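Quick notes on the structure that follows.
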Amino acid sequence: MLDLEKRAVEIRKTLIQTVSQTGGHLASNLGVVELTLALHHVFDFSQDKILFDVGHQSYVHKLVTDREQEFSTLRTRGGVGPFSDPSESSWDHFISGHAGTALAAAVGIAKAYPEKQIVVIVGDASIANGHSMEALNYIGGEKIENILVILNDNGMSIGRNVGSLSKFLRKVMLSSHYLSLRNEIRAFVDKIQARAIKDTLERMEISVKNFLFPSSVAENFGYIFLGTIDGHNIKELVDTLSKAKKRKGPLFLHVKTVKGKGYKFAEKNTEKFHGIAPFDLSTGSVVNSSESYSSIFGNKIKELSGRDERVFAITAGMLSGTGLKKMADLYPERVLDTGIAEGFAATMAAGLAISGKKPYLCIYSTFLQRSFSQIVHDVSIQNLPVRFIIDRAGIVGEDGKTHHGLHDLSFLLSIPNIMVLNPTTKEELEQILDFSLEYQEGPLAIRIPRDRAYSYPDTKKWEFGKWQEIQSGKNTLFIAVGSMLKEILDLKLSGTTIVAAASLRPLDKEYIKNHFSQYKNIIVCEENYKEASFFQYLLNELDSMGIQRKIDSISLRSFIIGHGQRKELLEEYGLSGAKLLRRIEEIVNGGKE
């Protein structure tokens, strides 16, 4: 055990040092060091399978498998990825990034490999996700014997249930003598059909466990509950896991851990260090912090809440990430956090809207995908004025393939009644948010990127359904969607017309009718997949308007984009810098883009 304890110290140093340089999920990984080491000590995951729900706590797993030498490249382009990913390593058995997927995937894997042990680590937030609960129910109901569920409960302290009595009873309940005796008694009682005796024995057992083990509700799902243990006591972890390995399941183990353990700044501010940018080791302060679109929204929603008491903000477990902290501090009763339950959040927003309130559903683009049915059924069909604040729209950067916001625009433009706005500057965002407060005609989607805010002081007063001509010229017209305005302006193209197209639906049909015929080239620039893009939507609308003319698209092809710095990825895929200029020249000069 001394070797494992020494290794735990080394790993914590590596985690803190690396994440201070690359950014990433620090607090959660510091909390699972001993648990991960114990799991790899007991199980052979070259044969058995380990799945991490969400996967942001898989850094230690990466370090103890085949990625230690390159771990310093964490979250960088071509380096170690931010989540578990089978395409990165054979030690990773399922992709992760979103909550609630691991247990469901474990069922399929367990059915395919009944001879292997399937271990699932799920957090105390993601286990409450509906997807997780459905899988938990299925595993317990079907009595899938080769699954061990480990609940990583990363509260701030170890509770009383990790005392000596708890340890003693856990040893008894894991022993073969106890399990054998329990089964024999149950079989005997069943045989003589003494229902009253059986009920009494079961109530006694449940009462004792409920007193000692808060998480023994797992037994009601059909699991063998292994108790609650200290997630930082390696000996205790190894002993418990070794015994669990010999038992048939389904098994459920409750592990208490301390989020951020071993780094005082992370322990004191777990929310900040859940996902953090590069920071100063000595102070814990973020390096090169700048104003983001999320922070601008946070300031504005606080202001709007003060102006109108009907304003409510809803988030699905992303209070700080979506900029709601300031509003929550001032008006806590009007900030509703559903936890990781995006579909529920959307329908709750619909309930508020139909009751005369002004709900703002604040959600990352990648997680909005999980509420598609509710957006259609509960919001769109009823044409309810829910305001969707879609953060991280477009390429997100270091969080990679599971977190890019490259689908929301495509499906939103396919849903009736929803108006879609994509501000191009800080000034436009602030004006659009002011407008949103009084907009009651139906649902409204406002998309913002994960980027530092771009200020363009010469922006005119924004109008709903209107585009702004930022630069006037001849021959070539650029229709810049959202973040692409900055990229086009940075090229300093003289003699061209550049339009800031913040209003995607409704279109500025007046501008289209009056100006499109003047240009030889019309190029739509957007940070989205071409196959289901604003460009395609515009083509359809032009056809319905009876306008037949060629327009071109600068966007992304539909393929999976990995991780790296946002600016780096934009440049690599031709949406920034020299490659963007080359794509423009090919179109203007008559070549194929």
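FYI, residue positions are counted from 1 along the chain as it appears here.
Quick reminder: no glycine exception, Cβ is built from N, Cα and C everywhere.
The thiamine diphosphate binding site annotation in TrEMBL covers HIS56, GLY97, HIS98, ALA99, ALA125, SER126, ASN154, TYR263, GLU342. Taking a C-beta cut-off of under 8 angstroms and a sequence separation of 6 or more, GLU342 (thiamine diphosphate binding site) has the following same-chain neighbours: ALA316, ILE363, PHE367, LEU368, ARG370, SER371. According to DSSP, GLU342 (thiamine diphosphate binding site) is assigned to a helical segment.
Sequence annotations record features per position, and here TrEMBL assigns Mg(2+) binding site to ASP124, ASN154.
Under the heading domain 'Transketolase-like pyrimidine-binding', TrEMBL lists 291-456.
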Thiamine diphosphate binding residues HIS56, GLY97, HIS98, ALA99, ALA125, SER126, ASN154, TYR263, GLU342: largest Cα-Cα distance, in Å and rounded to whole number: 32
Rounded mean pLDDT for the residues that make up the domain 'Transketolase-like pyrimidine-binding' (291-456): 96
Candidate nearest ASP124 (Mg(2+) binding site) in space, where candidates are the binding-site residues HIS56, HIS98, ASN154 and distance is Cα-Cα: ASN154
Residues satisfying Cβ distance under 8 Å from ALA125 (thiamine diphosphate binding site), sequence separation of at least 6: ALA99, GLY317, GLY339, ILE340
